[in-house]
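Participant: Can you read through this structure? Questions will come right after.
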Amino acid sequence: MDDRETHLEGDSFKHSFGNSGKKENGEICRDDRLPAFVSSGEILDLSQAQTHQNSNSVHVADLDFPEGGFGWLVVLTATWCYGSIFGIQNSFSILHVMLLKLYEDAANIHFKTMNTCSLAMGMIFFCAPLVSICTDFLGCRATAVGGAAVAFIGLLTSSFANSLGLHYLTFGLLFGCGSSFAFQPSLVILGHYFHQRLSLANGLVTAGSSLFSMGMPALLEEVLAPLGLDRTFQILSIPLLVQTVLAGFTFVPHVSSVRHGNGPHATPSSESRCHRGLSELKKHFNLGVFHLPTYRIWAFAVATAMLGYFVPYVHLMAFVQEQFAGSAEREWVLLLSLGASSGIGRLIVGRAGDLVPGICKVYLQAAAFLLLGLATALMPLCGAFEGLLAVCLLLGLCDGCFITLMAPIAFELFGPRRASQAIGYLLGLMALPMTAGPPLAGLLHDSFGNYHLSFHLAGIPPMVGGIVLLFVPSVHRRLRSARRNEAIKSARCASNHVCETRCSASDRREV
């Protein structure tokens, strides 16, 4: 829910009970006795009042967002963090071919080598809930620096691995986990500096990172591949080392002074240190984001779409070498066009997302998934290289739309305080289908000898996810309206009870 909607709801309570109400920390109160609790993501009825007072919700209007200034330097650093990680991830197609050549004698080689790349991508999302907790507990800066250091070690040690099992450990686990801890804070930190321009900031970060996705394929194919896989991993580790320095200097949370639940009554002084520690742990393992039905539907739809989302990125180069065998075309041009169109899509959607009110941003995400699924299913039907190039351009535009809107939608639902957890749990739900999709496509290739069925089936989950997303805004509006009406009704009953109590007390005094 955006600021305008929150204030409109506050006004409705004022009209119901007069203008004597006052606003405190997101609460509209009349004589300090009739609270109608309004959070940035949902309206809570009176039965949830005490819980809400102690929750992590902070009213967006109470926070000061610079909307620029030092925030633009944060955007620049986030661009480097995002780009250095996903530039490598989006070039998995080339790394996959290099692994195929290195272990070409192994059985079911497409399936086994794909597990390495898929594990690295899956760990980024699988670790996301833990990253959310670390981000809340340690802050964006410490989390990002530590993650970049682990990812750097993972790539560096991958250069010394001499078996697929070791690559699973160094590239799949170490690099994947480190990337998760380095990448997610770059999304969260933007919400500390931007609110009205949050979609634009996300668009600039993700679009700027597309420069990495555009340049990385050419660098890998023309420069690094001839040097061998070991030298390739060593050179790719350098941007992550730079990332540790940049994040350490710039990822300073602007709204960190407004802590969750701090205040005079947050933790009574009589509580033991152990009890305070358990309370703090429970707060950071909060599953409250799943109490919002809108979030559950949104997360389920996105996770479903992920089953086929990553398949084209990983199998594209091997597919082109089979589909256009003997062609003089440079396959990496497809990855370059994918990155370029993704950057353009992120810029366009980053600006358009600020113009689309509230939760209606989900409609853009739904359209992106529907088109992405259709484009993936049509890839085997492209008989000419130019046709495949056009499909890759469409894939890039859809990818840019989905990535750019993920954080703004989470902030619309929960505000800046719980957005980190919302993003973390969403990415965690995405982990399993995203990890399973590419190896399943490789297994189908090993069974049928081509990628036709793999790509046809990979297009179905994104289309299913897009259809489900179309229902999210209407469900959100109905739930919000029902809770608002319930809160008004409860507040009126409380008002009548207070009036009756006052009248009874007055009558007793007169007697």
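Here the Cβ of each residue, glycine as well, is placed from N, Cα and C on the backbone.
Annotations per TrEMBL:
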COMPBIAS  1-14  compositional bias 'Basic and acidic residues'
DOMAIN    294-511  domain 'Major facilitator superfamily (MFS) profile'
REGION    1-27  region 'Disordered'
TRANSMEM  70-89  transmembrane segment
TRANSMEM  109-131  transmembrane segment
TRANSMEM  138-160  transmembrane segment
TRANSMEM  166-188  transmembrane segment
TRANSMEM  200-220  transmembrane segment
TRANSMEM  232-252  transmembrane segment
TRANSMEM  297-320  transmembrane segment
TRANSMEM  332-350  transmembrane segment
TRANSMEM  362-381  transmembrane segment
TRANSMEM  387-411  transmembrane segment
TRANSMEM  423-441  transmembrane segment
TRANSMEM  453-475  transmembrane segment
Participant: Which bits of the chain, at least 6 residues beyond where the transmembrane segment (109-131) starts or stops, bring a Cβ under 8 A of a Cβ in it?
Facilitator: 85, 89, 92, 95-96, 99-100, 103, 143, 147, 164, 167-168, 171-173, 175-177, 179-181, 183-185, 310, 314-315, 318, 421, 423-432, 434-439, 441-443, 445-446
Participant: Which sequence-distant residues neighbour the transmembrane segment (70-89)? Criterion: at least 6 residues beyond either end, Cβ under 8 Å.
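Facilitator: Same-chain contacts beyond the ends: 95, 120-121, 124, 144, 148, 151, 155, 179, 182-183, 185-187, 189-190, 193-194, 201, 204-206, 208-213, 215-216, 236, 239-240, 242-243, 246-247, 249-251, 254, 313.
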Participant: Calculate the per-residue pLDDT averaged over the domain 'Major facilitator superfamily (MFS) profile' (294-511) and state the result as an integer.
Facilitator: 82
Participant: Take a look at 138-160, 200-220, 232-252, 362-381, 453-475 and tell me which one has the most Cβ pairs under 8 Å to the transmembrane segment (297-320).
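Facilitator: Counting Cβ pairs under 8 Å, the winner is 453-475.
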Participant: Would you say the transmembrane segment (166-188) and the transmembrane segment (423-441) are touching, if the rule is that at least three C-beta pairs must lie under 8 angstroms and be 6 or more residues apart?
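Facilitator: They are in contact.
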Participant: Do any residues of this chain, six or more beyond the ends of the transmembrane segment (138-160), have a C-beta under 8 angstroms from a C-beta of it, and if so which?
Facilitator: 81, 85, 88, 131, 167, 170-171, 173-186, 188-189, 192, 229-234, 236-237, 240-241, 243-244, 247-248, 251-253, 256
Participant: Count the CB pairs under 8 A between the transmembrane segment (362-381) and each of 166-188, 200-220, 332-350, 387-411, 453-475, then give me the winner.
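Facilitator: Most Cβ pairs under 8 Å with the transmembrane segment (362-381) come from 453-475.
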Participant: Which bits of the chain, at least 6 residues beyond where the transmembrane segment (332-350) starts or stops, bring a Cβ under 8 A of a Cβ in it?
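Facilitator: Same-chain contacts beyond the ends: 90-91, 93-94, 199-204, 206-218, 220-222, 313, 316-317, 320, 364, 388-389, 392-401, 403-405.
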Participant: Could you give the residue numbers and ranges of same-chain residues that sit at least 6 residues beyond the transmembrane segment (166-188) on either side and whose C-beta is under 8 angstroms from one of its C-beta atoms?
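Facilitator: Tertiary neighbours of the transmembrane segment (166-188) are 77-78, 81-82, 85-86, 89, 99, 115-117, 119-128, 131-132, 134-135, 140-141, 143-144, 146-155, 157-158, 202, 205, 233, 240, 243, 247, 251, 406-407, 419-420, 423-424, 427.
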